[in-house]
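Novice: Just dropping this structure here.
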């Protein structure tokens with residue numbers, strides 16, 4: 001199979017990368033009706049598989065799960081997930097032939113094998129659904145021409161898909177139809193009904209493309225969403241320990257600080273996050289973030305380039321073929337870092353203290369979001385897609401760090417995201433350690449400025465505020481957040 005994106009000419013590539021339209025709520029007036037009375041069979045019952053299935057069933061759809069016979073015989077976790085929630089479970093041979101829509105929600109590395117197995121069993125004119133387009137775009141999977149291929153991609157982990165639905169809301173979602181597989185012209189109707197069945201239409205749906213979803217998703221998760229949190233946690237912890245800050249306090253400041261800081265992002269963007277700082281701290285965070293952007297821009301652009309060309313995917317798939325030797329080795333190394341093993345403490349850190357003593361963390365967030373957004377849009381990805389794959393998802397990923405440090409983040413994200421995270425963090429960590437952290441002190445990470453006055457020059461503050469507010473990620477973010485007025489706090493235990 002050849003990389004699908006690389007088979008397109010330049011005009012086609014740019015067209016696919018630039019597909020993104022915020023759909024009007026009126027386009028979902030019939031909600032999930034198009035799929036009612038039809039048989040939906042989900043392959044895979046992990047976090048996305050189970051929670052999307054629960055939502056779809058509650059929306060009136062006929063949902064069952066097709067699992068490998070071995071998973072059924074051995075009653076593996078996927079089987080238990082489905083059966084304990086009252087779903088019908090059967091083998092591929094039992095359920096796939098009667099399915100009108102087969103939804104493949106298995107891990108990326110299993111997609112080729114799964115699709116090659118189920119496709120011969122699918123009835124003529126059925127539809128095949130994905131929630132991530134890697135198999136189509138990067139692996140170039142060829143789907144039978146009578147099959148309609150669609151995507152519904154919620155922009156958050158599966159557990160959040162369910163929780164937001166239960167609140168009567170939903171999560172922002174991308175939908176797409178594969179241009180090579182829409183024989184009856186009803187791909188969009190299928191995708192719209194599926195998205196509505198998960199509740200996504202209540203939070204906002206972007207009509208996108210398989211290409212735009214994959215390229216932007218890979219870029220976001222490798223850099224700001226995961227890689228920057230991992231690299232930042234490691235180097236900031238090292239700095240605080242080296243300068244005599246208590247290990248328990250240092251670890252807690254980072255583990256829970258990312259979540260607290262990025263929650264401000266979710267509600268008011270970078271502007272609101274920076275406004276949580278005192279004026280002197282805001283100016284300092286701005287200066288640090290400008291330095292970070294200059295230092296890290298080449299690394300962000302390199303990752304974007306490798307994603308666009310397919311170099312990243314081919315490298316990762318080679319590791320798949322080698323029994324994940326690199327992935328597993330990097331996972332073990334991460335588990336041995338000092339931050340992952342800091343001693344638990346019962347020290348209480350008030351919310352504002354995470355900002356006051358985490359000025360560098362704020363700077364890293366601002367720099368990382370803007371760099372990822374800029375790299376994506378410079379490559380032809382439209383601003384709405386770039387926003388969702390950078391700023392919007394960051395609080396959700398930071399929440400996983402708050403639960404069980406980097407281990408939890410890497411467990412929750414896909415293997416594809418985890419592999420890309422390590423590629424980025426393995427370069428970003430020594431880069432920050434050697435070229436940046438030597439010039440900062442614990443006044444920006446761990447202790448705070450300790451200023452006695454909030455005074456800064458008017459001219460400086462005006463420049464800082466105007467620069468922050470005029471960045472394209474802030475402008476598009478303000479518009480998109482307007483569609484999500486019913487957001488909840490994501491903090492652990494809240």
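Cβ coordinates are placed from backbone N, Cα and C, and glycine is handled just like the others.
Fair warning: this is a prediction, and the values are worked out from it, not measured in the lab.
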Novice: Could you look at 18, 140, 158 and say which one Swiss-Prot places alongside 45, 46, 47, 48, 68, 76, 78, 108, 109, 110 in the NADP(+) site?
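Specialist: Only hit among 18, 140, 158 in Swiss-Prot's NADP(+) site, alongside 45, 46, 47, 48, 68, 76, 78, 108, 109, 110: 158.
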Novice: Record says 389, 393 bind Mg(2+) 2. Source is Swiss-Prot. Which of 217, 243, 246 does it list for that same site?
Specialist: 217
Novice: With residue 132 (active site) as the reference Cα, tell me which of the binding-site residues 47, 109, 158, 217, 221 is the closest one.
Specialist: 217
Novice: Are there binding-site residues among 68, 78, 389 that sit within 10 Å of residue 221 (Mg(2+) 1 binding site), Cα to Cα? If so, list them; otherwise say none.
Specialist: 389
Novice: Restricting to the same chain and to sequence separations of six or more, state which residues have a Cβ under 8 Å from that of residue 78 (NADP(+) binding site).
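Specialist: Expected: 44, 45, 46, 49, 65, 67, 71.
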Novice: In this predicted model, what is the average pLDDT of the domain 'KARI C-terminal knotted 1' (209-344)?
Specialist: 97
Novice: Between the binding-site residues 68, 217, 393, which lies closest to residue 414 (substrate binding site), Cα to Cα?
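Specialist: Answer for the nearest of the binding-site residues: 217.
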Novice: Across all chains shown, how many C-beta atoms besides its own are within 10 angstroms of the C-beta of residue 414 (substrate binding site)?
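Specialist: A 10 Å sphere around the Cβ of residue 414 (substrate binding site) contains 20 other Cβ atoms.
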Novice: Near residue 217 (Mg(2+) 2 binding site), which residues of its chain come within a Cβ-Cβ distance under 8 Å, counting only those 6 or more away in sequence?
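Specialist: 132, 153, 389 - these are the non-local Cβ neighbours of residue 217 (Mg(2+) 2 binding site), listed in sequence order.
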Novice: With every protein chain in view, what's the tally of Cβ atoms within 10 Å of the Cβ of residue 389 (Mg(2+) 2 binding site), excluding that atom itself?
Specialist: 28
